[in-house]
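Student: Please find one structure pasted underneath; my questions will follow.
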Amino acid sequence: GIVTNILNISILQRHGMDDSMNVVLVALAVSDMAYSISETVYRIGLIATNVDFSLGYNILSVYYVIFLNLSSCAIVISTWLVSVISFERMIAVSFPFHSSRIITPHRIKCLVISLYIIFISMYGPLFCGWYLDWSFHPSYNLTLLRDIKFDWFKVNPGWVIFISNHVIPAIATPIPIVIILSCTSMTVLRLSGRVKAFEALSTSSAKRVKEMRSIKISLVICLCLAFSILLPNACLDACLALNDQLLSYTLIAFIRAFTQLAVQVNASMNFFIYVALSSKFSKIFLNVIRCT
């Protein structure tokens with residue numbers, strides 16, 4: 001995930017930021033890379049506990065204070081960026097003659113920056129709720145790096161818990177999944193009526209062919225995110241909201257682990273989607289490899 005998203009950022013920047021789709025894809029690569037880094041720190045901590053318990057414990061403490069909320073924030077941002085992609089492609093397909101006036105690179109940049117600011121601000125209190133400090137752990141008879149709550153969080157944690165347990169889950173999954181599925185469905189229905197027309201295009205219509213490739217890339221990204229991540233998360237959240245005792249702790253842990261793996265795979269696979277469906281992307285990638 002880290003390597004492929006670094007490649008995504010470098011190659012898409014060579015494409016240029018004048019294309020609104022490239023702006024969103026670069027922002028998506030940044031959030032996916034942030035999640036990949038967080039998961040890497042977590043896995044390193046788990047592995048380190050089998051070698052040196054104190055080292056692994058310290059790494060996991062750093063993860064829970066810094067990287068846990070970073071990974072959650074990155075997932076939400078990535079989900080909303082995919083929603084932007086699905087909406088942008090729907091506009092491009094449904095209103096091809098007006099899309100360039102409706103969707104401009106400047107507006108997309110403002111939207112992407114706004115999404116980052118909004119969700120980072122929402123997760124801000126969670127980042128500031130704990131701090132790291134060395135303290136003696138009597139259970140292990142060791143001095144370890146522990147995550148400790150700030151006094152303000154101990155006294156009045158209600159509004160922070162309300163944001164983390166109710167506000168963020170409400171906007172993290174249901175709204176994006178409705179946008180992605182509805183926009184993607186409209187795009188597919190719109191394209192299905194134009195397949196024969198595109199098959200009859202001559203070689204002089206290369207621009208239309210490139211647009212079709214771009215649409216295919218965005219559709220694959222949207223569908224992968226929707227069916228591998230959003231739907232399982234939505235089902236799990238619905239079950240937990242209806243009845244906390246409906247699922248056993250082991251099953252919940254298994255589903256959470258599966259979801260983490262699905263998110264990591266999704267964060268890593270966009271590079272291969274770009275290479276497979278975009279000839280321009282693959283050519284620039286080959287040029288970068290040759291130069292290095």
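Even glycines carry a Cβ here, placed using N, Cα and C.
Any TrEMBL annotation is an automated prediction that lacks curation.
Found this in TrEMBL, in case it helps:
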DOMAIN    4-274  domain 'G-protein coupled receptors family 1 profile'
TRANSMEM  21-42  transmembrane segment
TRANSMEM  62-87  transmembrane segment
TRANSMEM  108-132  transmembrane segment
TRANSMEM  167-193  transmembrane segment
TRANSMEM  214-231  transmembrane segment
TRANSMEM  251-277  transmembrane segment
Student: Would you kindly list the residues that approach the transmembrane segment (21-42) from elsewhere in its chain, counting only those six or more residues past its ends and only Cβ-Cβ distances under 8 Å?
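Tutor: Apart from its flanks, the transmembrane segment (21-42) reaches 1-2, 5-6, 8-9, 12-13, 15, 59-60, 62-63, 67-68, 70-71, 73-75, 77-78, 81-82, 84-85, 88, 105, 108-109, 112, 115-116, 214, 218, 260, 263-264, 266-268, 270, 274.
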Student: Across the domain 'G-protein coupled receptors family 1 profile' (4-274), what does the mean pLDDT come to, as a whole number?
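Tutor: Here the mean pLDDT over the domain 'G-protein coupled receptors family 1 profile' (4-274) amounts to 74.
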